[in-house]
């Protein structure tokens, strides 16, 4: 974006040499150096530790801000260290997001081998007292819910369902949407109008209501794996038209370029032009946009299971975990039941948005007409 | 709705394009209404049985079958329903509570959605516009960067999470506002006894919840457009004449930068009218979304059909209006860029 490239000359630039001016314009790493950053990080870890472990009995309105400030200071600390080591241009936020997504992905894939306290079988957990508060060094590091199921374990298994559903939906959307969009944008005419009317029809119904209606027809999923493909295909219904529009807009831009004309004048068939000449170019914006779509779809899946139209507890998804903590008595007494999965979900959605935004700014050619 | 935006729009062509757009709305509405209508037939099992549950009399069963028209073929039934809707505005009767018309149910809840949508978009604009101005004016500086990060965070909060956090802070911990109970503006539809204060109190948290996402979207859009405009020559000229910053931002830069914001705000109103199911659930607001979801879980199909149709019509109509308005507002579109 233009804003980042605005150059401000130093006020006393008149009596500097050219080299000095350039040197003064180069961005500097934040003050404090590695040691300062490490200090910040240490202070932050102590603060987060205090808020999660020792301050156990203070009301949430003190603890939660304390925790958030701790997280903020920790990020500043990491930022200072990274910028001093890697140079001032280092995009710490982006890499933190990538790290989070990587950790979450690994945890979700290898969840079966991780030592979680009981998180799904209420029969086994029934003996324990429920609603444990978060305490990093107890058996429930992030607390437990009403049925004494471990929230850390639930959050990780929920990631399987929630992120898996979104990935399923986005894969279908990218493949189908690209084909539809390529056809509409390349052939134009009646095909384009028909596809346009159809996508407009789907997009003119409020997405959540459409999804609810579809799920009532096909039936709620009962097992995690069933949920991934069933809800994934349902979510694809709203994701395909969006992708199709994007692919169509980009196809129209590329279809007018010289290399397409060259291919056509050499006698290339429509199929060859679409798949060999245009599709590779359209793939870049579509794929980079798909990260942002994933973020939206995770929220959509969460909304459905929050409303009770999706997987039911004790099979966790982020949506039904938050719904469990939503009841006003539970929310008042044990806010962590809603806030823990909420925070995990927020970080994930934020990270996908952030990474997607980065890709989009790399590949986007001046906001193609959608 | 942007099928023809790339066509060159000479002055005479504008009307023609609008005409084509209106024509294209008809198939959209037909597909949407047919889609909701055919839903009943797609439900596995006997829909009438589904509505009534296991213990029901043969009488009730006959009534539901008749109301749904299950003894006639699908297309004929759709035609009957369609003509009733178009000619009489009659959306049929509730199945569970047959004395109530669907249109009455919707008439009672729809104003709530309008109130919510306009209030939220209004509040969002009120907060986003000054923030975007500050952000664009100090582009690249600390204020701008922290506003951008905040906006990014706000986009990523799912509404059911932000709603709960707001309840937790303002209703449960501080006790300033009611926790999930809705007070209607008027009880009996007369303008003489208004529950204005109570209504606004119950409006605050839902509106904030919706706004959190919208503010961020508006802020990012307007900031980008403003930064673009501020680099134009006429702004430099005004600056060279010694105009104060206030004048530069409000008089020079704001108008040309606000076109896409206006479009987006309009589209958002349309989207928010139908897209508040979650907020309605959290705050127990009896809006259309809540009615439709409840009806869907009870298999009360006429409400689902009617509700979705009404929301879709509104969405399409608002989008359409925005498209037309846009053509008149921005001369560049009229002249075909």
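Note that Cβ sites are derived from N, Cα and C of the backbone, with glycine treated the same way.
As the structure is a computational prediction, the values presented were derived from the model and not from experiment.
Range B:116-139 is the one annotated as transmembrane segment, of B:68-91, B:92-115, B:116-139 (source: TrEMBL). Annotated range for transmembrane segment in TrEMBL, selecting from B:20-40, B:41-61: B:20-40.
The transmembrane segment (B:116-139) makes no contact with the transmembrane segment (B:303-329), as judged by fewer than three Cβ pairs under 8 Å among residues 6 or more apart in sequence. Beyond the transmembrane segment (B:259-283), the same-chain residues lying 6 or more positions past its ends with a Cβ under 8 Å from any Cβ of the stretch are 113-114, 116-118, 120-121, 124-125, 129, 159-160, 163-164, 167, 180, 182, 202, 205-206, 209-210, 214, 217-218, 221-222, 225, 289-290, 292-293, 311-312, 314-315, 318-319, 321-322, 325-326, 329-330.
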